[in-house]
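Peer 1: Summarising the annotation, Swiss-Prot assigns signal peptide to 1-50. Taken from Swiss-Prot, the feature N-linked glycosylation site covers ASN69. Annotation source Swiss-Prot lists disulfide bond at CYS82-CYS135, CYS165-CYS249, CYS191-CYS244, CYS196-CYS207. Here Swiss-Prot flags ASP95, GLY206, THR214, GLU216 as Ca(2+) 1 binding site, drawing on sequence analysis. What Swiss-Prot records for GLN177, ASP228, VAL229, ASP231, ASP301 is Ca(2+) 2 binding site.
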Amino acid sequence: MYGIEYTTILTFLISFIFLNYMLKSLTRMMDFIIYRFLFIIVILSPLIKAQNYGINLPITGSMDADYANSTQEETFLTSTLCLYYPTEAASEINDNSWKDTLSQLFLTKGWPTGSVYFKEYTDIASFSVDPQLYCDYNIVLMKYDAALQLDMSELADLILNEWLCNPMDITLYYYQQTDEANKWISMGSSCTIKVCPLNTQTLGIGCLTTDVSTFEEVATTEKLVITDVVDGVNHKLDVTTTTCTIRNCKKLGPRENVAVIQVGGSDILDITADPTTAPQTERMMRINWKKWWQVFYTVVDYVNQIIQAMSKRSRSLNSAAFYYRV
């Protein structure tokens, strides 16, 4: 009888000691994991920026304005800036170290050396055919040319907005524009666009579908054409497809990481007359024509004010991507 009681008590004590040991081991293990986790957080925290999914999020649906974010660092410390200029600027300056000089001047405005890229283009016409905007912020300098007003205004409309585009087969199909945001964008070395509106019986309205010479010519030998026709009406098109491509595009909204600066000219380019264009006067501006050195000095002086009217975006613009969202 006493042997059974002693055995029971001994079993209980052994179980208690074993359980106590297991709990202490588990506690030590959890302490190790927690302390190690906290140690890693302490080490990595200076290297990690806080994420705020509301950064630059619009309240009204417009992305033209930046909104304050307590975790957002100074723009120029984490961003790249591309400055696009015509070849004539470099030719006039005629100084092999002029880019280095400007880089040092941008440094005085807070932009580290290496964060500003200078991109040269031959002329407005060639830039219209193949615009490529890859930096976080892009500023395009366009010297006014009366002979290129159409290309300049349409280039501004192209790069200041985002477009969703698809290819068009004008040899097989008629096309219509569904609403004001729907446009046909043509690019090439020479684009001549003719259209013939059709009635419900697919007969030409004021033109013959079998005679291209009766079509209405809406663009002649241009590099870039954004065609706008009457919505909801089928059209037969004639395009110089050997030197031009045409795409059916939908304007999605403003591209906030691009600004256009018109250099000189008595006429001021304005694309805001289009009902689908959100007010963009802050990102399309004009400065008086001066020597190119003076133009660049002006840009350096006001670069941070210009950036404040923009929003950083990661999506790049490449004309080859116009079949998809650009």
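Cβ coordinates are placed from backbone N, Cα and C, and glycine is handled just like the others.
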Peer 1: Can you tell me the CA-to-CA distance separating CYS244 (disulfide bond) and ASP228 (Ca(2+) 2 binding site), as a whole number of Å?
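Peer 2: With distance taken Cα to Cα, ASP228 (Ca(2+) 2 binding site) is 17 Å from CYS244 (disulfide bond).
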Peer 1: If you measure CYS191 (disulfide bond) to THR214 (Ca(2+) 1 binding site) at Cα, how many Å is it?
Peer 2: 18
Peer 1: Three states by DSSP: which one describes THR214 (Ca(2+) 1 binding site)?
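Peer 2: Going by the DSSP assignment, THR214 (Ca(2+) 1 binding site) falls within a helical segment, counted as helix.
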Peer 1: Check the Cα-Cα distances from CYS135 (disulfide bond) to the binding-site residues ASP95, ASP228, VAL229, ASP301 and tell me which is shortest.
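Peer 2: Spatially nearest to CYS135 (disulfide bond) by Cα position is ASP301.
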Peer 1: Rounded to the nearest Å, what's the C-alpha distance separating GLN177 (Ca(2+) 2 binding site) and ASP95 (Ca(2+) 1 binding site)? Just drop the number here, would you?
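Peer 2: GLN177 (Ca(2+) 2 binding site) and ASP95 (Ca(2+) 1 binding site) have their Cα atoms 49 Å apart.
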Peer 1: Express the distance between the Cα positions of ASP95 (Ca(2+) 1 binding site) and CYS165 (disulfide bond) as a whole number of Å.
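Peer 2: Pair distance, Cα basis, whole Å: 41 Å.
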Peer 1: Which of the recorded positions CYS82, CYS196, ASP228, ASP301 has its Cα closest in space to the Cα of GLU216 (Ca(2+) 1 binding site)?
Peer 2: CYS196
Peer 1: CA-CA, which of the recorded positions CYS82, CYS165, ASP228, CYS249, ASP301 lies nearest CYS196 (disulfide bond)?
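Peer 2: Nearest listed residue in space: ASP228.
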Peer 1: In terms of DSSP three-state secondary structure, what is the assignment for ASP301 (Ca(2+) 2 binding site)?
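Peer 2: Assignment for ASP301 (Ca(2+) 2 binding site) reads helix.
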